[in-house]
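K.L.:
Feature table excerpt (TrEMBL):
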BINDING   5-33, 68-69, 73, 99, 249  NAD(+) binding site
DOMAIN    7-165  domain '6-phosphogluconate dehydrogenase NADP-binding'
DOMAIN    168-294  domain '3-hydroxyisobutyrate dehydrogenase-like NAD-binding'
ACT_SITE  174  active site
């Protein structure tokens, strides 16, 4: 228990909440902050200390994990008027599990380094279910000598912790994964919709896909058709899970990176447009697998 010194956790949303709870389960005292005070109430009840700002967290903890929605949020939490860097201690380890632009991760790493602390990007894959179960995949970028220190905390929340290279490479792996996920989810939704239109029972079609060459995570673990699988957002009116607005954001990051590296991503671009249209048509807060529902509504066009 000697190593169980307090850990700061900033950002207690859909993903951050179960991640921080897993740290508590592993015996780490958590020092918490969220921009929405009501998100912290549960953690107070679990015995966590709740702070008024990211700076206050940095004053009390020399290991901090951040889980934030976007690049501007991350910049504010690290470099804002009441940000971590206002009171960060020398030698602190700062791990950002947000999914943000790799260029922003590099920018934050430089600012953190100037303060004598260490920054690592460690975005996650697996969604809310994996966050609750503690079997997320972490993709980690940063100084390799610090990887073991980061891994000690990350293995409390994930079953796979992979070192990817310098700062920003964790983000690079994440946005490539999510671009592929978006493309495969749209493909699964299209195939399922066509099969249903052709008179196939959706459960039977899913079973066939999952024993055939079309099988993918979107078909066998997170099927987008209501009634095919239990315990997934499609079985709960697309509530929970990974929001359409967040998928649109991640696809936007992929587009920026593709432009910067002159990489052709025609299907990634199309997926980005589809998820942006979904946001504009009232699907922003639904799980990204609601693309099936969106395609059903659009099919009369």
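The backbone N, Cα and C atoms fix where each Cβ goes, glycine too.
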K.L.:
For residue 25 (NAD(+) binding site), what is the tally of other C-beta atoms lying within 10 angstroms of its C-beta?
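P.N.:
A 10 Å sphere around the Cβ of residue 25 (NAD(+) binding site) contains 12 other Cβ atoms.
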K.L.:
Enter the number of other CB atoms within 10 angstroms of the CB of residue 174 (active site).
P.N.:
28
K.L.:
Check each residue in the chain of residue 69 (NAD(+) binding site) that is at least six apart in sequence and keep those whose C-beta is under 8 Å from its C-beta; list them in sequence order.
P.N.:
11, 13, 98, 246, 249
K.L.:
For residue 10 (NAD(+) binding site), write down the residues of its own chain that are at least 6 apart in sequence and whose Cβ falls under 8 Å from its Cβ; none is a fine answer.
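P.N.:
Listed in sequence order, they are 16, 32, 33, 34, 54, 57, 64, 65, 66, 67, 68, 77, 84.
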K.L.:
Within 10 Å of each Cβ, count the other Cβ atoms, then let me know which of the binding-site residues 15, 20 comes out lowest.
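P.N.:
Relative to the other binding-site residues in 15, 20, 15 has the fewest Cβ atoms within 10 Å.
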K.L.:
Roughly how many Å lie between the Cα atoms of residue 15 (NAD(+) binding site) and residue 174 (active site), rounded to a whole value?
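P.N.:
Given the Cα positions, residue 15 (NAD(+) binding site) is 15 Å from residue 174 (active site).
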K.L.:
Rounded to the nearest Å, what's the C-alpha distance separating residue 30 (NAD(+) binding site) and residue 174 (active site)? Just drop the number here, would you?
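P.N.:
The Cα atom of residue 30 (NAD(+) binding site) is 26 Å away from the Cα atom of residue 174 (active site).
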K.L.:
Restricting to the same chain and to sequence separations of six or more, state which residues have a Cβ under 8 Å from that of residue 5 (NAD(+) binding site).
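P.N.:
Those within reach of residue 5 (NAD(+) binding site), by Cβ under 8 Å and sequence separation of 6 or more, are 29, 61, 62, 63.
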